[in-house]
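Features reported for this protein in TrEMBL:
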type	residues	note
SIGNAL	1-20	signal peptide
DOMAIN	254-361	domain 'Cadherin'
DOMAIN	362-469	domain 'Cadherin'
DOMAIN	470-575	domain 'Cadherin'
DOMAIN	576-680	domain 'Cadherin'
DOMAIN	681-782	domain 'Cadherin'
DOMAIN	783-885	domain 'Cadherin'
DOMAIN	886-991	domain 'Cadherin'
DOMAIN	992-1093	domain 'Cadherin'
Amino acid sequence: MELQIIWLWTCFLSHIPVFAFFDVHVSDHFQPGVVLGNVSLGRGWIYQIDRTLTPKYVRHIFNIERQHGIVYFSGKVNCAKLPKNPAPLYIQIQSITSENFILINFNTFVHGQNCLIKYRSKSAEGKPEIYMNVLSKVSTSPCVSTSILLLNIYEHLPLFTRQPHSYRSSCTGGNWKAVFDNGSFSPNCLQFNERNELDLLCKVQNLWNYTTVRVKLRFNSLRSHAMFTDRDLGRLDSLTKRKKRNVNTAPQFQLPNYQVSVPENEPAGTRVITLKALDTDNGDAGEVVYDMEALFDSRSNKYFQINLQTGSITTLQPLDREVKDTHVFKVIATDNGIPKRSATAYLTVTISDTNDHGPVFEQTEYRVSIRENVEVGFEVLTIRATDGDAPSNANMIYKIVNEEEDNAGFEIDPRNGLVKIRVRPDRETLTQYLLIVEANDQGKDPGPRSATATVYISVEDENDNYPQFSEKRYVVQVLESVAVNTKVAQVKATDKDEGNNAKVHYSIVSGNVKGQFYIHSPTGDIEIINPLDYEIIREYNLRIKAQDGGRPPLINGTGIVVVQVVDVNDNAPMFVSTPFQATVLENVAIGYSVIHIQAIDADSGDNSHLEYRLTDMAPGFPFTINNSTGWITVSVELDRETTDFYTFGVEAVDHGFPAMSSTASVSVTVLDVNDNVPTFTQRLYSLKINEDAVVGTSVLALSAIDRDANSVVTYQISSGNTRNRFAITSQTAGGVITLALLLDYKQERQFVLTVTASDGTRYDTAQVFINVTDANTHRPVFQSANYQVMISEDQPVGSTVVVISATDEDTGENARISYVMEDNVPQFKINPDTGGITTQIEIDYEDQASYTLAIIACDNGIPQKSDTTYVEIIILDANDNAPQFLRDIYQGTVFEDAAVYTSVLQISASDRDSGSNGRLSYTFQGGDDGEGDFIIEPYSGIIRTARKLDRENVPVYNLKAFAVDKGVPPLKAAVDVHVSILDINDNAPVFEKDELYVCVVENSPVGSVVARITATDPDEGTNAQILFQIVEGNVPEVFQLDIFNGDLIALTDLDYESKMAYTIVVQATSAPLVSRAIVHIRLLDVNDNSPVLRDFEIIFNNYITNRSNSFPAGVIGKVPAQDPDVSDKLHYSFVEGNELSLLILNQDTGDLRLSRDLDNNRPLEATMKISVTAGCTANWFACPAEGLGGWSSLVSIPVAR
């Protein structure tokens, strides 16, 4: 709103000393209705402008309310048409209850660009400004007693002059003198005139100034002149002095606007600035008094004060920039001149910041979790601290206080508080970090302030450590006699990870021939589940797999457990043939080897080391046996004739503990010497034997014929018996070859035995071809003890995962292998012929991250043999899952005055994928960030303000944020975020316009609502509640403004004819903010007044129309009718008396013309009646017309013939 300087300086409008010349200063741009002052004396008086003494052009400018004494501006001023400036204005004040009468003289000064004020044309000093005609309360007496109160002048002065100061009055007359001190009369005798009146000239003064009062003091109730005469108003006698009036210039500030800065927190009384206004006047007129008032925010008034005399502005209390940083004042300098004049300057006080606020973290403790092994540069979190001070004292720098040693793996951006990874964290090294972060505001006055916050960073485990066996190789020795379900060993593997990632499960990958062993998966205990037999398998090499519970799991398949089966002497020696039979010629030499006794022991070591000895020997026994080799030789010469047949026993004893033994019988026949050779019936034998034939199996029966009588033929395998796999026994019918030891197709596939048939002296040989046929003696063996393969979860159904194969050293059907899965795993199937493993349904990493398939390779031998391997299928995560927010919609609130980077809310999403596919970042990119009003921290999901908000501009933000994973290609999910801006009272009420114009119909009922003043406040809730009040111009109280709804109510009768317009200033308050508007109230006239008119005469001279061409054909006058109602349109008509049409009347304008029908034959005088009508109101009046012969004019000036 443009600030208007009002040139109005009157003693009743300004706070100047009470007694001064009564001058009124107005501006030529004042609008009608502007209130100038109040000359009220209180109750019981009526007021009016003296129309006799006050010039007409002054009466046009001013008006006064009859009941209340309010003087207001009533018309516009044109300085060019003012005959005198200043001009006198006389106000009559008449008592209602008595004849007391007061007349006040004001000098009116009109100021403006084209207004010339003649300051030098001054009234004589001592010319009264107030005239009083007052009845004294004492009776008439030639001499008044001491202390009798004749008159209290103070009671008869306008209220605006009655300041609470001591005053003194002195009055003088023709031959007497009276002194009044606050109304008390000093002793003196009074001389009365014939009217019982005293003519007094009084001088009333206080500490600053004085004024003169002319008093007619009456001492009886005789009616006095109601008006002062011209003589009364003239110059007084010689006692009257002229008072010299100084030229009164206005004070002047050096600058129209001042700006100053004051530090906050300074104590009350701190000097802010001294404003000086210069006034070149002398004396009191040059003394300046200062005042100030707050603009825009009334709270500023309680922080500052101004010294009335010096203009020094000081603080009333310590200032706080964070509460209010700017205060704006209007400073007024007013002089003590007459009239008082003033100057205005504007002062802006900026509160400079001192560093009185330390940084404040959003949280005193931050807790965040990160995955171990995150990449260098990973953003952990953003730490924010705010500072209520100005930016110069709130320039935040962040640092990690305890960044040494363990915390060296983290760094913080000193400007934005972003904590990043500098060294990959390892949970196995340290599970939690404690960072002390300091925020320093870098303040200068009085110095920097800082605050610290604690950041706890927990490292979440990733499955990055393989299980480690406690030993590289476990070796255990187990007796073959150990009982089933006995624990024989325990493997132990540890994993540095934690939780499921550290839970280790064990399984036997390979080496578990015939399934002799079982490992307890959680504990690693190895137990015997089938009996051991040293003689079958002497050592087992078990490969153990340790697998953790991570996703995907990590496997260590290097565990080796060597189970050495310790032999137990559980096998007695077994002779390769029983009974043993031999023949020997009686003439053989001593030492001759008769027969080789053989026994075998399935045990090992000492348990299989045999000793032979003879048993059941008769005296003179001619044979002996080699204890180690078992050969029986002749120890003495034989004599068939003495003994031709020997029968005895042989015992084989092992060295076990306890020792075990077996016995066999031996028979030796002593033969005569003969000359016939035994002859095999068949020189060549060929046969097949299965390699899995058991020991003792009869292989072949063969025979030889000796033609000698009573010859006994014995049979021996003389060569080809590799590894002593076969044995032969001599029987009456021939020799029988049996299996002495187990066969092994891999070692020997064919034996060519030479069998000797001997009668004691002569022998024959035959060859026996024994072909060993393959038995299913070998199990299939996988090429790898365990397989580990990886496959992406997005592979199509039917994709080949891996092809495994096993080999079998058998042949034929015994070596033909088929593959099956031990357990049905619906996701996979295996080709039984090729060993190819393929997917048969879709695989989902999120359901299961790995599979362990037990694959069995079976041969087709009888009995069927098999081998088992384990295939670890690791499912590789594919980015097939989009992020998913924890909520469908997020809602948050923040105050509109929140500092930049204030945390609003946090959004969070999860992704079922793993690794980079499940690592999320948050962004507004591609969404809605409120046109840049918000930012989002990419890793924490905290949404912050990016700049200052304004609820009145945007009350609600509908943001859209995205969570984006790190997969290729990345997947994202959107979420709606609603942020409501909370209101603060930061907007003053706003009127529709700075100046409002209201039209009110006059005569509106008292108490009726004539208008509604409205203002809006962009704030909401209680912050938008507006209170209305009238702050200026409503003197006296003509209107009342409803404080809540702004209804403007008429308190008095509104009369257009008394006052056409009012101007008030209304204020709308939304504490502490205020706004003002000027309301111009114009009354609309209604037809409530009858036209006003009086009888009038028309005198005209006679005209001879045929002799003159100068007959007045134009308008000679107008019916002098007036209607106070300006809106009324008057209608004029003749009612009677103009039947001869002497006059022509314009019915719309009232203009009168002479009729050309006038001649000497017409009556010389006529009385007419004219009707004047305004709307429905009419008035009648008589209009006599006198003819002097011929035509006459309208004017009443006689015209000579």
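Every residue gets a Cβ built from N, Cα and C, even glycine.
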* To do: For the domain 'Cadherin' (470-575), give the DSSP counts of helix residues, strand residues and coil residues.
  => 7 helix, 51 strand, 48 coil
* Stretch in 576-680, 783-885, 886-991, 992-1093 most in contact with the domain 'Cadherin' (254-361), if contact is a CB pair under 8 A -> 992-1093
* the domain 'Cadherin' (362-469) - residue tally per DSSP class, helix then strand then coil -> 8 helix, 46 strand, 54 coil
* Asked: In the domain 'Cadherin' (886-991), how many residues does DSSP assign to helix, to strand and to coil?
  -> 4 helix, 52 strand, 50 coil
* Pull the DSSP breakdown for the domain 'Cadherin' (681-782) and write it out as helix, strand, coil residue counts. => 3 helix, 54 strand, 45 coil
